[in-house]
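Participant: The feature active site is assigned by Swiss-Prot to 46, with similarity to another entry given as support.
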């Protein structure tokens, strides 16, 4: 048995930047264990599987080690594949996920994610967190299963060299570091060694928390963002009450088949 897959660089308009994700469009669900093994084989930060349900698509995301409840860049990648490879009609796709209903609109050359806003709240720093990051935070907030850590500058975000083993021992599945940007409204990086991903190149789901945080801090609803990982990526963001819009480009870089037997 063979399955067709497509690899997309999300939040980028050119190959070999942004965040890569593999997408499988399935006729029916595979066993959870098999989907996890496939994701482990690809060894990217996320592999997405989609199955049609009525007029919508149910979507699931797997890192190399675990299934996750929400992933932005792999949803963007899935929408790109459905539109560009499988010729889905219209300008809007509906996804059903563990995090609820998600929508992706095609607007000119960008895809726009409509995701739930996740408003962070103060939790305070700890010695363990500061030792893991290797520098003192300005502020620390919690949002669902992630920490949002404000640093003093974009330079500090770019220079951050965390101890990934120490981060993985914290009671959080991921850590966002962020600061006011020099060219963009804000910059960030995202570390998730507890999920098998030391650093995620561009993280749409992290912006569910970053957008409401920076919208309030900067007193503006529309924001530009850069995730300053080695691959990097640009995002155009907007706070819409209890929802956020996250826009970006995507490019197909590879297609192939995986043998299951």
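Counting begins at 1 with the first residue displayed.
Cβ atoms are placed via backbone N, Cα and C, with glycine included.
Situate these features within the shown structure.
Facilitator: Secondary structure from DSSP puts residue 46 (active site) in a beta strand.
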Participant: Near residue 46 (active site), how many other Cβ atoms are within 10 Å of its Cβ?
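Facilitator: Result for residue 46 (active site): 30 neighbouring Cβ atoms inside 10 Å.
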